[in-house]
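Feature annotations, courtesy of TrEMBL:
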type	residues	note
TRANSMEM	B:12-30	transmembrane segment
TRANSMEM	B:42-60	transmembrane segment
TRANSMEM	B:67-86	transmembrane segment
TRANSMEM	B:92-114	transmembrane segment
TRANSMEM	B:121-139	transmembrane segment
TRANSMEM	B:159-186	transmembrane segment
TRANSMEM	B:216-239	transmembrane segment
TRANSMEM	B:251-272	transmembrane segment
TRANSMEM	B:279-297	transmembrane segment
Amino acid sequence: MIHHRWSGKRALLAVTSMGLAAALVAGCGGTTKDSAESGSGSGANSEKVADPNAPIKEGLQIAFLPKEIDNPYENIVDQGGIAAVAELKGTGKEVGPSDASASSQVSYINTLVQQNQDAIVIAANDPNAVAPALKDAMAKGIAVVSYDSDAAVDARQVFVNQADSESIGRSQIQMVSEQIGGKGKIAILSATPNATNQNTWIEFMKDELKKPEYKDIELVTVAYGDDDDQKSFQETQALLSSNPDLKAIVSPTTVGISAAARYISSSPYKGKVVLTGLGTPNQMRQFIKDGTVKEFALWDPEQLGYLAGYAAAALASGQITGKEGEVLKAGKLGERKIGKNGEIILGPPTTFNADNIDEYDF
Amino acid sequence: MSRLRALLSGRELSIVVALVAVVGVTTATNPSFLSAQGIHDLFLNASIIALLAIGQTLLVITRNIDLSVGSVMGLTAYMSGQMFIADHDTPTILVVLAGMALGAACGAFNGALVAIAKVPALVVTLGTLYVFRGINYGWASATGVHQINADQMSQGFLAFGSGSILGIPHLTLIALAALVIAAYALHNWRSGRELYAIGSNPQAARLAGIPAGKRVFTAFVVSGALVGLAGVLHASYFGTINASVGTGRELAVVAAVVVGGVAIFGGSGTVLGAVLGALLLTTITSALPILGVPAFWQRAVDGAALLLAISLDRAVMVRLAERLRKERSLRRA
């Protein structure tokens, strides 16, 4: 009898501990910015005709809605956007939720509609969750631009993309190949294993490696630091110790590259292993200056916001409607052609090194 | 019986055996795992979580828990960065002391609610987990400083985080010092022993004249100070800080403490066990990529280690209880 009672308790314990373990696993989710790929379909306002010579209206009210209000990256983007709106004699503001969950932006969109904003610029947390609210806004004549992370194609007029995934992926390989002299073993330190952005880039990196000029470069493995400092640190250690002849690590995520740089800068691998990838200049300044990292890349987030600000103003003034082939005049950035599905691309990523890093502050 | 007892009291020993097994298997696959740099890295990785585990042990022994450690750690790490923005040449020792003071203050807040207002620690610290994180986000938002980078901190501070003496990282030396002091206090001081009494049976402890509230409050303050220290060390070790440092760390700490043999319902366990638990878990995390375990499986392996530890504990407890019962009935007969 006694035995039975104990085994009952033991079963209960097993169940509770399973639950605990599940909670542990679930609690460790990493954060990764993902931009949804655009599908098919056309903008809702495609019937309207663009007047490329229409003047930009003065006093436009344009709101920037980031994924979350405390995201440092998005704040820089929005600063660029607000600066663009100011250039055009309008009023720009940034509002947003404190968490990046799928539905948290909806109430903000509704409020902005009630405030009669002329345009909403949004980095969608979820392409579909915000779609009904955005369609409602468009129906009331408000221009909707998505940037950084797209909303559903029929729920916005224009999507301002930082750079196309292909050029990001391929340029990473070109950069690392140049630094290791086109020969040797390399590894990738990514974010989470299911991060959309990173996985798309890595596919293009692998594709680029198939080209004959990279035949002497071998991609040993892809490690995942989960965009967590400690995990990225440990993955870097593992990469270096399990591949003694590793020539370079490419980390296409800002958390990964800075953690890897910090580890390498205080280890015997400094100066022997090349580290490159995507990072922000402020984060990497120290490691460029102490020689750990020679070169890395990123699009300029401020320019991304700037371009989105111009796109929003042009839409609200009727200069563009979001149709393929229209041309957006974007102040100091020059002109951008609108591509398929209303997509505007900022341009190839900027490369940072010891010569130019002090010109950037983000 | 004596063997069983030895096994029980030798919980630390079984973690060491597990540790040796993990290191042995990994080294067989890749000898550089046990190189000087490899060992250096293993201890370095475990140091911060070990400090958190020492503080958490003090609380779990008294049948309490602190889920706000990740947020407190984030807050003190962020404050370290802010201090360097205010004055780039702030002395490292000042940052360390300020971090510990802020951590202790957060601990005192938790402790007051638990010990004086008698609210269960699980609920209090679940609340302060969000409150402290919210303060951190609010601070970042109000000052517009969302990220503090390595070049904004003083060279001395960064060198302190990555430096070592005779090959032993500074961080590990600090964790070891905390371990020795906490272990001695828990084992030899009257107030240390009283923490176990409070956790074993709170009513009996109070009836025996132990000032339970005062002891629990002190445990929260001391634990908070250790968490604050861990936050400062995190800043100097990683060199990049934002408002979300330490998010989710509380679960890793509780796992380390439980794997280290500290009973989650209080009354038993040692800080040495908790520290070894932390070392074992971080070593497993370091070993998995070297062993070539796909990233998708790594968390599952962590969870399995936790379940294994709990099941082993339970099995030993059950067998011990049965033995005791049999012995008692024999004596009566």
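Including glycine, each Cβ sits where the backbone N, Cα and C put it.
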If you count CB pairs under 8 A between the transmembrane segment (B:42-60) and each of B:12-30, B:67-86, B:92-114, B:121-139, B:216-239, the winner is B:216-239
Across B:67-86, B:92-114, B:121-139, B:159-186, B:279-297, the most C-beta pairs under 8 Å with the transmembrane segment (B:216-239) come from B:92-114
Need a quick answer: max count of Cβ pairs under 8 Å to the transmembrane segment (B:121-139), which of B:67-86, B:159-186, B:251-272, B:279-297 is it?
B:67-86
Sequence-remote partners of the transmembrane segment (B:159-186) [C-beta within less than 8 Å, at least six residues beyond its ends]
36, 40, 43-44, 46-48, 50-51, 54, 57-58, 61, 92, 192-193, 195-196, 226, 229, 233, 235-239, 270-272, 275
